[in-house]
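Colleague: From Swiss-Prot, for reference:
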REGION    1-399  region 'Carboxyphosphate synthetic domain'
BINDING   GLU296, ASN298  Mg(2+) 2 binding site
REGION    400-540  region 'Oligomerization domain'
REGION    541-932  region 'Carbamoyl phosphate synthetic domain'
BINDING   ARG709, ASP748, LEU750, GLU755, GLY780, VAL781, HIS782, SER783, GLN823, GLU835  ATP 2 binding site
BINDING   GLN823, GLU835  Mn(2+) 3 binding site
BINDING   GLN823, GLU835  Mg(2+) 3 binding site
DOMAIN    931-1071  domain 'MGS-like'
REGION    933-1071  region 'Allosteric domain'
Amino acid sequence: MPKREDIKKVLLIGSGPITIGQAAEFDFSGSQACRSLKEEGIKVVLVNSNPATIMTDPEMADSVYIEPLDAKIVEKIIEKERPDGIIAGIGGQTGLNITSELAEKGVFEKYGVEILGTPVEAIKNTEDRELFKETMLRIGEKVPLSRAVNSLKEAEDVVDELGLPLIVRPAYTLGGAGGGIARTKEELLEITERGLRRSRINQVLIEESVLGWAEIEYEVMRDENDTCIVICNMENIDPMGVHTGESAVVAPSQTLSDAEHQMLRSASIKIIRALKIEGGCNIQYALKEGDYRVVEVNPRVSRSSALASKATGYPIARVTAKIAIGMKLDEIINNVTKSTPASFEPALDYVITKIPRWPFDKFTTADKTLTTAMKSTGEVMAIGRTIEESLLKAFKSLDIDNQLGNKHWDEPETKTLLKTPTSERLFVIFDALEKGMSVKEIFELSSINPFFISKIKRIVDMEKRIRAEELTPELLREAKKMGFPDTRLAELTGSTRQEISDLRHKAGILATFKMVDTCAAEFEAATPYYYSTYEDSCETNATTDKKKILILGAGPIRIGQGIEFDYCTVHAVTALREEGIETHIINNNPETVSTDFDTSDKLFFEPLTLEYVMNVIEREKPDGVLVQFGGQTSVNLAIPLKQELKRRTDLNTVILGTDPDDMDLAEDREKFYILMKELGVPQPEGGYATSHKEAIEVAKRIGFPVLVRPSYVLGGRAMEIVYDEIDLERYMKEAVRVSHEHPILIDDFLEAASEIDVDAVCDQKDVIIGAIMEHIEEAGVHSGDSACVIPPQSLSPEVLDQVRDYTRKIALALKVKGLINIQMAEKCGKVYVLEANPRSSRTIPFVSKSVGIPLAKIAAKVIAGHSLKSLGYTDEPKPKHVSIKEVLLPFDKLPGADPVLGPEMKSTGEVMGIDYDFGRAYYKAELAADNVLPLTGKVFLSIRNADKTELVDVAKKLQAAGLELMGTEGTVNYLARHGVFMDVVKKVHDGSPNVIDMMRRDEVDLIINTPTSKQSRRDGSRIRRAAVDFKVPYITTMQAAIAAAAAIETMKKGEELTIKSINEYHKEMEN
């Protein structure tokens, strides 16, 4: 039966901002679904709040709404667009929750919208923990003993019934949010309280512990005809007790017997049929010695399905979208082979390993223990012929300093860390084996299958051989087959990476490339992708006559380097393909659009290091390499890559775009300072130091407070505002460790300055400014954590002219070819340049969506040889609407972290609010970031003295809008002197009843708390942490409070929010 003819227009709900538990995998699946529906001639309406996604590009759907993912707003879009159907399972947990809410309210019935694919009943039967348990038991499938509870009293009763430890799983939440493992009654009550608040239906499931059992996942697909296939099975290296998003995962499963595989395969098909899921679905099992329990089912595209897609080459989201419009598996052609139907089960002749990337370098106070709730921000995937090879390649892909064998622990610490899962457990296993601990001992402490421990032992044993023996060509070949990178071999033999590389080439030990083709080479692949290994035959050939360009991707999503850089990579690829250039990508992130099978002409799933990039260059011999689109990861490779290409006279590949030496000039603060002086561009006074003594001298010369940071960092890592000598000494002790022989930079901190961001494209003759952004938070909050607005709201025309002038001067002086981002600050009408980055920036997608011009695409075309004039870009765009970028902070997923902003970046993702005035746009942005500004209720104020003069106006606006105010004594007395009267609430350290008690009773609707001295900072920290834990909107800077008051004032005037697609906003700009 072909596709349904009655479905002409479909609504897709995206997943919103990148957050812990929901990363870029839904951009990848959403983009694939959009293309899949459009192939069938169906009109697509898309709603998503995240501008950094490919799926929100105006050309991805017929109408793209960048609006808050809020049920009321989605209802207005349905009313306006009148779609025939909605597909819920593409937008992750967010999409499912909104679909369920709209169905319950009767919205679909009211507007005649059909839920396509997986029915709401199936969503309920999987997401509602009690219904799920009943369904499984009805079909004879075993689940852990459990009880669904709606209150703390009910939770207490479960302890007597099931004993401890217990697992807590909230209903309808994301990445296990709000859940955890309770080993005591106190822990159970604490986790249950958190879980009930997080759950959409105020329900958590408390279940018996299956800690230590193996965790196995099956990715299954079903169509309306009841045809089912198993796409992939995966095995978690960590046993049950660690969320699958937090565990290292291998595919296919390695320790299952054939009988166990057949048993779980049959159960998977039985489950997907019983639940009547149509499309892709993920089923998780706990397994122990032939016995199993069904842990959970995700009736949607998920993180695991993104991994399964990349592991097998099977486009799960594409097929799911086609099934949703009535197509059958045997009617859908597999796009990788172009000849086999989607009903063929994929076959793998390689091993993949996924390892998560955690943000603990940014959150030193956060609890690093891994549990059933996620804490990682992203992940890498590596492909090899063996587990050892794919594991070593995965570690190399993480882009972290710490590699296997580089870190050591003493014996008591080793035993503790083996028992407790943390982000370092695999490193600890390596160290324990190196010190002689047996596989059996490690298994008994960690419950990790001895099979995996013995594989790590093989790597340890090989390292011992390399240290002890001469590195002969035979041993070198053996080590390379096992996955050892040249850098590690150099460390083990006391030589350099270059010497190892030369030794390899001399012995003819070169990387070969194998294909991922969904069918273990049984059929010819039309759009294959590749991984490197050390075998005899090579499956890639470099035969075309077309010009070839290799683009370096951004690697795993982490704080400071998010999905924005994948967006830039994909845009660059698209632009070059439009020019008839053959494009190749190297990347290792399974969640992204750039690693989709048909984004580029060739995809190489490899670590982003010099060795692996050179392997591809040697094999493919591209004309050029692009490094400016993949964020700091690819920029860091620019100089070493340029040097290596210069050394290799047999290669004619060059780095395209801005010259790496000019990029380096911008990164090197001293050289950049000299250049700015020559151009007559003001900078904050600064200096650099390599010792404590020098640092104190520089700071005294400039005067405290100063901004200190290491050179060459991403996302403000180890950046701080320092107020006195003691603080500076502590910083020097901590920061020198992360600075790699580079000096510490010390700048005058411009207090109370407005920060400005500019994104521009330069072709070495002309410069086009995409937008000037004004930050809402003042200087001192990392630009990646500040909300910003286009067009600027408070900067004078004279200041804006200075900004434009400096942008042009700097771009031309740095000989930029492509993108440049410049950060500036304005104080008392004078503009200072803080830094320039001649590469893609995290604001490129936001600017492109806001002003309607694709900056990354334009930059790629400039690099390919076009001038800005020939492309028709000469004037800075002037939008008629206001766009606000707001960030999403991950504090709710990281117990223990203080939710305060500073110069080190902490946000994981972003949202965008668009309307015709600042107030409505800001209200939308906060709504989209799940920091909903209240229009009624109580506001608690506790403000440091320095901010109190600005507070009066804010307090008056809030009171005039009908909100009730309360605060601590100092704030109350100050406001009373200025005619604003409110109730006094005790400080936290003065005992109860205080604001935390009120939050617990749901008596506070907004917290405005700016941090100050150490004692109050402790109080403030507890208030802010409680606001996160009790889901109370909170504000920690005065500038955000001023913006919030303006938004609340606008909304109270009864102004309607504008519901328009970005396609419509962009059209208005053309007129």
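Using the three backbone atoms N, Cα and C, a Cβ is placed for every residue, glycine included.
Set these features in their place in the structure for me.
Modeller: Neighbour list (GLU296 (Mg(2+) 2 binding site), Cβ cut-off 8 Å, at least 6 residues apart, same chain): THR126, PHE132, ARG169, ILE283, GLN284.
GLN823 (ATP 2 binding site) falls within a strand segment according to DSSP. Annotation for GLN823 (ATP 2 binding site): same-chain Cβ neighbours under 8 Å, separated by at least 6 residues, are GLU755, ILE756, ASP757, VAL758, SER783, VAL833, LEU834, GLU835, ALA836.
Secondary structure at GLU835 (Mn(2+) 3 binding site), taken from DSSP and collapsed to helix, strand or coil, is strand.
Averaged across the domain 'MGS-like' (931-1071), pLDDT for the predicted model comes to 90.
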Colleague: Using DSSP, how many residues in the region 'Oligomerization domain' (400-540) fall into helix, strand and coil?
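Modeller: DSSP classes over the region 'Oligomerization domain' (400-540) add up to 74 helix, 12 strand, 55 coil.
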Colleague: If you pair up every Cα among ARG709, ASP748, LEU750, GLU755, GLY780, VAL781, HIS782, SER783, GLN823, GLU835, the residues annotated as binding ATP 2, what's the maximum separation in angstrom, rounded to an integer?
Modeller: 18
Colleague: Reduced to three states, what secondary structure does DSSP give HIS782 (ATP 2 binding site)?
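Modeller: Where HIS782 (ATP 2 binding site) sits, the three-state DSSP reduction gives coil.
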Colleague: Around LEU750 (ATP 2 binding site), which residues of its chain at least 6 apart sit with Cβ under 8 Å of its Cβ?
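Modeller: Correct list: PRO684, ALA779, ALA825, LYS827, TYR832.
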Colleague: Taking the Cα atoms as reference points, how far is ASN298 (Mg(2+) 2 binding site) from GLY780 (ATP 2 binding site) in Å?
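Modeller: That separation, Cα to Cα, works out to 42 Å.
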Colleague: How many helix, strand and coil residues does the region 'Allosteric domain' (933-1071) contain under DSSP?
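Modeller: Helix, strand, coil within the region 'Allosteric domain' (933-1071): 74 helix, 19 strand, 46 coil.
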Colleague: Rank the binding-site residues ARG709, GLY780, HIS782, GLU835 by the number of other Cβ atoms within 10 Å of each Cβ, and give the residue at the low end.
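Modeller: So among ARG709, GLY780, HIS782, GLU835, the binding-site residues given, the one with the fewest Cβ atoms within 10 Å is GLU835.
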Colleague: When DSSP is mapped onto helix/strand/coil, what comes out for ARG709 (ATP 2 binding site)?
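Modeller: ARG709 (ATP 2 binding site) sits in a strand per DSSP.
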Colleague: Take the Cβ of ASN298 (Mg(2+) 2 binding site) and count every other Cβ within 10 Å, whichever protein chain it belongs to.
Modeller: 23
